[in-house]
Amino acid sequence: MAKKSLILLYGGRSAEREVSVLSAESVMRAINYDLFSVKTYFITKEGDFIKTQEFSSKPAEDVRLMTNDTVDMSRKIKPSDIYEEGAVVFPVLHGPMGEDGSIQGFLEVLKMPYVGCNILSSSLAMDKITTKRVLESAGIAQVPYVALVDGEDLEQKIQEIEEKLSYPVFTKPSNMGSSVGISKSDNQEELRASLDLAFKYDSRVLVEQGVTAREIEVGLLGNADVKSSLPGEVVKDVAFYDYQAKYIDNKITMAIPAQLPEGVVNTMRQNAEIAFRAIGGLGLSRCDFFYTEDGQVFLNELNTMPGFTQWSMYPLLWENMGLAYPDLIEKLVALAEEAFAKREAHLL
């Protein structure tokens, strides 16, 4: 049987491009090369598409993908040159211009099947404020928050924050991920600094009530028939799970499955599936929850292209469910082809 061609897109223009490289290298090593041949394309921080390595067998451990530090601009191509009939694209891209609907729209114009959520669900879930409003309408509990838009009366919004919330609070760019631009504030002075930081990344900012809680994550896999994994827990060695701790220092460990009451597990899995359907999710997502000391469950966020690094929660959650990393990739490709066939049929 002829191998299927799988195209990995990685890098990208967002602040999370380094995470994308780590994820792509992990996927590259986990692929079943009896079933797939692999082509990789690097998107630079300027948005150029670079044709990089091809693999017909598992690469050696010392093989590294091209990055912004090693980029060879002589291999630059037109973005549309990635098109290959019958190939499936795995956009291992995180953050804006990656999992926000941009690349998904590009791939739909090219008429190529791709792994993961479509334009609408990707763009919706990428924006924290919009996601919160959609999940509110679905009846899912979330922590109290205040939304800010650049240009609004800052003093009035700070007054609203201090009336509705209590310190500590967390300030987040609405349209970022991987803890980029997120900071904790224990007083108004720190809040002002946090708002300045968040507005550097986005024109819309979310301020959330800080809660003392365990951080629990649930994997989602499927299209209309989405299934959820047993939860896993992020166990931190630092007070705040920021970008530095999450990806660079690796100061976290994970408990899979998380030790939780059965009723809490069921609530989280049910809410994760409801949330996935509420945004119109396809393929995969990771749903993150807070579980407080007094037993409350709050949905924190949906991540439509979770990390795929060797220490990322999402593939480990499915491994715990009996689905090995190579089989997970095979399943995601099959789901991509299923979604593509339905999308094309609706357009005919």
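Just so it is clear, glycine is given a Cβ too, placed from its N, Cα and C backbone atoms.
Taken straight from Swiss-Prot:
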type	residues	note
BINDING	162-217	ATP binding site
BINDING	D288, E301	Mg(2+) 1 binding site
BINDING	E301, N303	Mg(2+) 2 binding site
DOMAIN	132-334	domain 'ATP-grasp'
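Recorded features from Swiss-Prot, shown on the structure.
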residue	record	DSSP (3 states)
E162	ATP binding site	helix
V169	ATP binding site	strand
S183	ATP binding site	strand
E190	ATP binding site	helix
L197	ATP binding site	helix
R204	ATP binding site	strand
V211	ATP binding site	coil
D288	Mg(2+) 1 binding site	strand
E301	Mg(2+) 1 binding site	strand
In sequence order, the binding-site residues (E162, V169, E190, R204, V211, N303) whose C-alpha falls within 10 A of D288 (Mg(2+) 1 binding site): N303
Between N303 (Mg(2+) 2 binding site) and L197 (ATP binding site): CA-CA distance (Å): 22
Neighbour-count leader, CB within 10 A, binding-site residues: S183, N303: N303
E162 (ATP binding site): tally of other CB atoms within 10 A of its CB: 14
Binding-site residues listed as E190, D288, E301, least Cβ neighbours within 10 Å: E190
Confidence summary for the domain 'ATP-grasp' (132-334), mean pLDDT rounded: 91
Among V169, L197, the one of these binding-site residues whose Cβ has the fewest neighbouring Cβ atoms within 10 Å: L197
Intrachain C-beta neighbours of V211 (ATP binding site), sequence separation six or more, cut-off 8 angstroms: V143, F290, T292, F298
Nearest-integer angstrom distance between the alpha carbons (Cα) of E301 (Mg(2+) 1 binding site) and E190 (ATP binding site): 24
Pairwise Cα distance for E190 (ATP binding site)/N303 (Mg(2+) 2 binding site) [Å, integer]: 27
